[in-house]
Amino acid sequence: YFFPLFLVTIFLYKWLVKKTPSKNLPPSPPRLPIIGNLHQIGPDPQISLRDLAREYGPVMHLKFGSVPVLVVSSADGAREIFKTHDLVFADRPYSSVANRIFYNGRDMVFARYTEYWRQVKSTCVTQLLSVKRVQSFHNVREEEVALLLDNIENSKSKVINLSEMLIELTGNVVCRAALGSGYNVDSYKSLLLQIMDMLGYSRSIEDFFPSLGWVDWITGLKGKVEKAANGVDAFLEGVLKNHTNPSTSSANKDFVSILLEIQEADAGSSMDKECIKSLIWDMLGAGTETIATALEWTIGALIKSPDAMSKLQKEVREIGKGKSRIEEGDLVKMDYLKAVMKESMRLYFTAPLLVPREARQDVKFMGYDIKSGTQVLINAWAIARDPSSWDNPEEFRPERFLNSPIDYKGFNYEYIPFGAGRRGCPGIQFAISVNELVVANVVNKFNFELPDGKRLEEMDMTASTGITFHKKS
């Protein structure tokens with residue numbers, strides 16, 4: 001008699017304690033049992049979260065399965081994350097797909113915040129992606145842009161698939177910088193596209209229900225990830241095995257050569273074979289598709305905005321007058337080009353939710369109590385379209401950036417296309433150097449029109465979802 005009563009008492013106590021909020025959490029939309037708020041996230045998560053934020057506020061507390069999620073949709077909230085509490089929110093949440101692809105978290109993008117990550121980040125920033133190193137690849141960029149122009153020239157009487165041409169260009173630029181000669185984007189493009197799709201948000205059941213990881217085997221995701229991971233490893237193993245380039249000058253060394261030299265110089269460093277493989281795949285993945293997608297959005301926006309296209313062509317053609325190709329030295333004079341690139345990155349994010357972060361400890365955030373282990377989503381897309389920060393935010397208007405101090409380097413929190421803080425993208429200079437050169441040369445040499453008599457208002461500037469967002473057409 002007493003034992004069952006004791007069990008009931010314990011159960012009621014735990015139930016009541018669990019039901020009684022002991023923390024001051026941000027506002028939250030109503031949840032369903034087990035799945036939490038997952039049912040409220042549509043195919044375009046950034047739009048779903050923006051719409052929820054309009055009703056519940058720019059700081060929300062959601063549950064994705066069993067995972068607590070802090071969603072931030074304002075510049076003030078982003079400033080708190082990236083500046084005030086950057087170290088607290090410097091971790092990454094577990095991703096079953098990324099963990100398998102990147103050798104149990106040995107890369108830079110998805111790795112947890114540890115001393116290992118700090119060493120790897122320092123190596124990438126100082127040795128691979130410094131301004132000097134990026135400038136050393138200017139010949140690669142100019143050669144690949146020349147090939148792009150030739151390909152468009154040879155196809156100019158036909159309807160062209162610019163998306164395919166852009167991913168080939170960016171892939172070859174990144175590939176030559178990372179791997180050197182002997183490789184091109186076709187060496188890894190199929191694998192890359194598979195993995196980028198699998199890394200898209202909410203693909204894995206295990207990430208939201210850790211005890212249900214077996215479901216990903218049933219759905220086939222685990223099998224696909226295993227096959228892709230084995231393909232990546234075989235490709236990268238071949239790269240390392242065949243990579244000998246002793247005659248290359250130090251100024252023009254590719255990324256693999258640099259990392260192998262670091263490994264040889266310090267056998268006790270973190271730079272082992274799996275680390276090198278992970279970093280190289282980071283560079284190939286983060287560089288190829290994201291840069292191509294940004295270019296696709298920019299050219300699409302210019303075609304849809306004839307006035308902006310006309311102004312840009314006027315600037316580029318005046319500065320490049322008499323030249324068959326725009327050179328990198330010409331770009332510094334092109335203020336409207338830089339404004340176009342900034343405006344395109346404001347409206348059309350390749351990663352609109354940024355890469356998720358995770359709280360490393362309990363923290364007081366904007367008056368709310370956030371527990372350690374809470375995942376953090378920054379809706380950078382919504383922040384960049386916030387009417388409290390931008391006039392007519394839905395309009396493509398490059399003029400807003402002329403004579404404006406706002407930049408993409410992570411210090412203006414209303415505009416964070418590359419993120420900010422410790423986990424901000426270190427490849428900004430690499431990406432911008434490709435983007436500006438391509439756009440300047442393409443609009444200098446060609447005029448564009450939509451196929452089959454399509455009207456501008458029929459042009460689809462919405463997105464399809466993966467880890468990066470592409471135009472649907």
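Residue 1 is the first one shown; counting continues down the chain.
For all residues, glycine too, the Cβ spot is worked out from N, Cα and C.
Residues annotated as transmembrane segment in Swiss-Prot: 1-17.
DSSP classifies Val109 (site 'Substrate specificity') as coil under the three-state reduction. In sequence order, Ala98, Phe102, Asp282, Ala286, Val355 make up the list of same-chain residues 6 or more apart from Val109 (site 'Substrate specificity') whose Cβ falls under 8 Å from its Cβ. Residues or ranges marked as site 'Substrate specificity' by Swiss-Prot: Val109 (among others).
Here Swiss-Prot flags Ala286 (among others) as site 'Substrate specificity'. The Cβ neighbour count for Ala286 (site 'Substrate specificity'), using a 10 Å radius and every protein chain shown, is 25.
Here Swiss-Prot flags Thr290 (among others) as site 'Substrate specificity'.
Per Swiss-Prot, the feature region 'Substrate specificity' maps to 350-355. Remote same-chain partners of the region 'Substrate specificity' (350-355), defined as residues 6 or more beyond its termini with a Cβ less than 8 Å from a stretch Cβ, comprise 45-46, 49, 92, 109-110, 201, 289-290, 293-294, 297, 377-382, 416-417, 419, 423, 467-469.
Sequence-distant neighbours of Cys425 (heme binding site) (same chain, six or more apart, CB under 8 Å from its CB) are Ala286, Phe418, Gly419, Ala431, listed in sequence order. The annotation heme binding site is assigned in Swiss-Prot to Cys425.
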*For Thr290 (site 'Substrate specificity'), just count the other CB atoms lying within 10 A of its CB, please.*
23
_Under a three-state reading of DSSP, tell me whether Thr290 (site 'Substrate specificity') is helix, strand or coil._
helix
*Report the DSSP secondary-structure composition of the region 'Substrate specificity' (350-355) as helix, strand and coil residue counts.*
0 helix, 0 strand, 6 coil
